[in-house]
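A.B. asks: OK, TrEMBL features for this one:
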{"type": "DOMAIN", "residues": "A:3-142", "note": "domain 'Semialdehyde dehydrogenase NAD-binding'"}
{"type": "BINDING", "residues": "A:10, A:11, A:12, A:13, A:318", "note": "NADP(+) binding site"}
{"type": "ACT_SITE", "residues": "A:150", "note": "active site"}
């Protein structure tokens with residue numbers, strides 16, 4: 001039995017971590033923190049967990065939590081996680097960090113993409129980028145896992161096979177993203193005010209989105225190809241889910257079989273990646289709705305002879321494969337149990 | 001291990017039965033039928049189940065299915081289920097019928113509320129109304145369980161405690177219902193055409209809704225009070241979920257404690273009913289969003305001194321506690337396992 | 001040409017006032033105020049008005065505005081309007097107040113329903129309740145018009161005919177309300193955070209809602225019957241629109257003709273009330289979607305023989321007939337032009 | 001006064017034509033047809049027009065309509081319009097065709113993109129592509145106007161300035177489209193079933209979408225540059241509105257001023273194109289929500305130094321600037337009145 005703590009448990013990611021871990025046969029939740037709700041039952045923040053658990057929030061006391069837990073999940077704002085992670089690591093606690101604070105290998109990338117100097121750059125090289133499909137072996141013994149960004153997960157998994165196959169131009173990769181409002185977290189803002197977020201399509205960071213950096217880093221690392229990504233995310237009227245539509249230009253003619261093979265080789269043994277590409281029907285390509293509530297990433301593609309393009313698709317539930325589910329997948333690898341433990345739920349559909 | 005079949009497996013209820021039963025440790029799905037999709041993998045109809053199961057749809061051949069299964073779930077249209085149920089019963093197969101065909105005890109109620117004569121009225125008295133909170137003991141040995149209607153489940157569970165307490169007028173019970181589009185099933189119609197069902201509130205059966213009959217039957221049976229229900233359902237822009245708001249007029253002054261006690265006595269030992277009534281906060285009363293993906297029914301109330309009224313609330317996921325989840329709850333009772341088996345998921349929130 | 005000012009022009013009601021008045025042939029907008037956006041073009045707050053007007057927000061300087069305008073619209077928070085209104089009245093400016101500050105005749109009702117003492121109770125009797133269907137003649141020469149609440153408008157117009165007809169019990173009038181998020185205004189809150197307001201049904205003020213007072217006041221005044229209203233509003237996943245479902249219990253048997261007659265007599269000459277009651281079809285009863293963008297109030301009814309009930313329906317666009325449109329309708333009466341001026345738009349459907 | 005007819009008046013485009021034309025001071029609607037609803041009032045199909053008009057649907061008798069009308073709008077399915085248009089033209093009636101039947105100049109494009117031979121190819125050269133911003137002079141005396149497609153309108157207007165400026169690669173133009181369900185028309189289908197169209201992002205025609213042809217034709221014609229377009233439309237949970245996000249790769253470095261100038265020169269005198277590009281704020285770039293109910297097309301752009309890309313945005317209400325509004329704009333030009341007549345409404349927001 002592994003003892004775990006959730007640091008920052010009152011937000012949406014914290015809620016999903018709780019929900020998943022409460023059903024985990026090899027894990028006991030020893031601590032879940034919230035400054036604001038300390039002493040209150042977790043169902044105060046997560047009303048769907050009423051009668052599911054009697055857990056209460058506690059103060060985020062690192063010393064106390066260190067004495068209780070083997071592994072901690074950090075569900076904290078970007079930029080606040082690094083220092084906390086360091087403290088846990090110093091006392092031998094393994095850390096799965098859901099912020100961006102350890103995703104980038106190059107310390108110069110933090111000022112460039114995030115606007116701040118990294119407070120503990122020496123940890124960057126020790127951190128493992130927690131995308132199991134790419135780094136399973138390193139995760140196994142990692143002390144510090146940097147859980148990938150949500151847009152990044154769907155992007156990386158959907159485009160890597162065609163880049164690795166060497167068939168597309170590496171500098172003109174368009175990733176057009178559509179994302180639900182839960183990605184913005186639990187804090188209110190004018191952007192997520194219901195009358196302002198209903199029936200909309202709003203490009204909220206049309207250029208220089210932060211996830212660009214980790215996508216380029218990881219795909220380049222995996223494929224040996226230096227790539228550049230043109231990423232534009234759009235907020236739409238949806239709570240959960242991400243679809244990343246990739247538009248990549250072919251360097252040469254390709255056959256359907258060739259592309260199929262690239263995806264199949266990449267993912268045929270992966271428990272949480274599904275290749276979705278049927279000849280017809282409403283569900284012939286990835287659509288986030290078919291992943292909601294599950295840890296699956298659906299990937300698919302189409303070849304466009306008109307403009308020598310491959311269109312790729314990656315769909316996930318941003319709070320699960322894009323956050324809490326992937327974190328538990330990492331945990332499973334770290335503690336040596338079946339990677340699918342507690343992640344077997346198939347999703348809720350329609351919803 | 002109990003062998004089960006799902007007759008009519010391509011609709012939304014069929015999909016939820018599959019999803020839940022695939023995780024059931026005591027059950028093996030031996031047959032799932034669809035005339036239209038016979039031979040196809042179930043993920044053709046239920047894309048979220050891709051890579052979760054290799055099951056294929058088969059033809060609804062009663063003889064064949066009878067040889068494979070101990071219990072069958074019938075997820076068939078109202079009026080078509082009775083004859084099929086009868087055939088299964090004749091060969092000793094236990095039946096959980098998700099249609100309305102066996103919910104009413106009085107055969108005269110079928111022409112009155114459904115517009116047709118019942119084809120096998122002799123079975124009505126043998127059928128058990130499958131609301132575990134009311135009929136747990138009879139369900140245990142039942143051959144034929146009539147799974148309750150979705151609106152009925154939320155209505156009955158939310159209003160019965162105050163009626164049993166004898167504090168409200170029995171003939172002026174208003175049930176104002178708000179329901180999501182999945183309740184209309186998988187068949188397309190003008191009413192569920194997306195442009196006609198978005199941003200709406202549409203009273204679709206303002207009087208004489210069919211669930212009236214089973215609500216009156218069951219509440220009267222349980223409480224010994226003859227009641228009359230004024231039910232008006234509204235379609236709103238939501239896929240899953242039902243909220244039943246009850247407006248009941250008090251016969252005398254009541255204390256908060258008295259009403260609390262009525263609910264607590266009714267449900268404190270029930271695994272799937274939660275009393276939700278806080279002093280403040282966004283989640284102080286039932287809201288279907290907090291039940292989505294789970295088998296919970298959330299009930300709550302407020303006392304209105306201005307007009308001597310009790311307002312009651314009942315919220316469920318219409319496809320789970322209102323259909324497939326409750327059917328599995330019934331199955332669990334019938335096969336003698338923990339009632340919560342395979343129903344432990346806490347719901348997905350926010351969504 | 002009448003010169004008007006809009007005090008508090010950056011919210012949703014201010015935006016609708018602008019949109020409507022910009023097309024008004026007898027009106028010139030001389031001032032539109034916003035403390036926060038003073039000096040900025042109005043399209044900064046109302047992006048749909050870009051290229052429609054060059055108006056800019058100004059500071060809410062009462063003296064200056066008084067020198068420019070004949071009539072002012074106050075679109076200010078409840079409790080803040082009264083003092084401002086008084087100042088305008090003192091210098092001879094006519095006021096249309098969209099807050100609740102002058103809707104109630106009885107000064108004791110303010111502490112009871114709003115929780116504060118009225119700062120200028122002497123004005124209450126001078127204020128005219130601006131529901132043209134009830135008070136057209138008084139509005140004509142009014143100095144101070146109290147524009148009705150949104151829920152109140154749909155409630156009063158839909159139930160008054162049957163109460164006036166003397167056929168229903170006056171103390172058991174249930175008004176079950178479904179309302180869109182724009183009714184909560186432009187200020188952000190956890191309740192209107194998109195992930196918390198999507199796919200929901202949430203009773204947000206199950207008892208003692210403030211609009212109860214003005215509904216009871218106005219219906220009683222109009223019909224001579226003392227009534228009591230059991231009002232429960234529900235927030236649903238919709239931006240605009242209100243449906244009020246009334247459940248009223250009959251004192252005696254009534255014929256369809258009798259009820260039809262009651263509605264027809266009340267509204268046959270009203271330009272903005274439509275009786276919607278067809279035998280069949282998706283649109284046979286009021287649905288707010290059919291009023292969005294227009295000043296119409298759709299009313300309808302159904303007689304329920306099972307429980308001796310009349311179900312009434314009232315549907316409006318909460319920002320138009322429930323606020324800005326009704327205010328302009330009042331203005332038209334006050335300045336002696338056709339009541340429909342600038343209000344001729346038919347609504348936008350589907351949307 | 002111009003007499004007009006609407007052929008095919010029961011769909012969404014027909015409803016918008018009616019709504020707009022009923023407020024047109026220079027137009028009288030003499031005929032509106034529907035086979036199915038002949039003899040019924042138009043509010044049977046368009047409930048928002050109740051009490052707005054007493055018009056009734058008539059049979060689509062060409063002879064009769066020709067004797068009544070000067071100009072007809074054809075709101076008929078693609079492939080059915082051409083023959084009807086020809087008949088009206090033969091008797092001297094001017095035609096504004098809202099289908100795709102006359103949009104393409106080259107008759108070979110019909111088998112290629114639409115799958116059928118054009119029945120009257122001799123008319124193709126006589127037809128004028130009804131995008132006023134491009135063909136105002138030709139529209140003036142046109143006998144046959146081919147009203148542009150909705151995706152095409154937003155695409156062409158948003159990308160042409162940068163292509164004309166010669167700064168982007170012409171063969172790698174990605175147009176990633178997000179569109180509401182009303183674009184699919186009034187006919188029901190599984191794709192637009194509410195439970196299947198809620199909370200989704202579904203690429204429904206990832207390659208070879210038909211509008212590609214008219215976009216390439218018109219942009220090439222206007223700019224003298226041969227272009228190729230990589231178009232992928234996505235259905236999202238929205239009823240009205242289109243956003244076209246263009247991703248175009250720069251051939252050389254450009255300054256912000258240079259791109260601004262390209263847009264300004266193209267549209268500064270256009271009544272219905274707005275350039276939306278602010279430094280900050282929620283509304284700094286086009287979002288279809290700000291055009292709903294109006295005839296505006298909002299265009300904007302962003303320069304991405306990371307990948308040498310321009311991101312362009314075009315947003316419209318698909319039923320207005322993308323269909324009925326643009327058709328009336330064409331009518332206004334054809335009859336010599338101010339182009340903005342009956343199109344002055346600013347849109348309804350929030351909604």
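Cβ coordinates come from backbone N, Cα and C, glycine included.
Tell me about the setting of these features in this model.
C.D. replies: Counting residue by residue with DSSP, the domain 'Semialdehyde dehydrogenase NAD-binding' (A:3-142) contains 51 helix, 25 strand, 64 coil.
A C-beta separation below 8 Å, combined with a sequence spacing of at least six in one chain, links residue A:13 (NADP(+) binding site) to A:75, A:98, A:319, A:323, A:324.
Residue A:150 (active site) falls within a helix when secondary structure is assigned with DSSP.
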A.B. asks: The record names A:10, A:11, A:12, A:13, A:318 as the residues that bind NADP(+); what is their largest Cα to Cα distance in Å?
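C.D. replies: Taking every pair of listed residues, the largest Cα separation comes to 17 Å.
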A.B. asks: Which one of these binding-site residues has the most other Cβ atoms within 10 Å of its own Cβ: A:10, A:318?
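C.D. replies: Answer by Cβ density within 10 Å: A:318.
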A.B. asks: Helix, strand or coil at residue A:318 (NADP(+) binding site), per DSSP?
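C.D. replies: Once the DSSP labels are grouped into three classes, residue A:318 (NADP(+) binding site) ends up as coil.
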A.B. asks: Provide the list of recorded positions among A:10, A:12, A:13, A:150, A:318 whose C-beta sits under 8 Å from chain B at the C-beta level, in sequence order; use 'none' for an empty result.
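C.D. replies: From A:10, A:12, A:13, A:150, A:318, flagged as close to B: A:12.
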A.B. asks: Quick one: of A:11, A:12, A:13, which binding-site residues have a CB closer than 8 A to some CB in chain C?
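C.D. replies: Correct list, in sequence order: A:12.
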A.B. asks: Can you give me the Cα-Cα distance between residue A:10 (NADP(+) binding site) and residue A:150 (active site) in Å, rounded to a whole number?
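C.D. replies: Pair distance, Cα basis, whole Å: 19 Å.
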A.B. asks: Around the Cβ of residue A:11 (NADP(+) binding site), how many other Cβ atoms lie within 10 Å? Please give the count over every shown protein chain.
C.D. replies: 22
A.B. asks: Report the same-chain neighbours of residue A:150 (active site): residues 6+ apart in sequence with Cβ closer than 8 Å to its Cβ, ordered by sequence.
C.D. replies: A:179, A:183, A:242, A:316, A:318, A:319, A:322, A:323
A.B. asks: Compute the average pLDDT of the predicted model within the domain 'Semialdehyde dehydrogenase NAD-binding' (A:3-142).
C.D. replies: 97
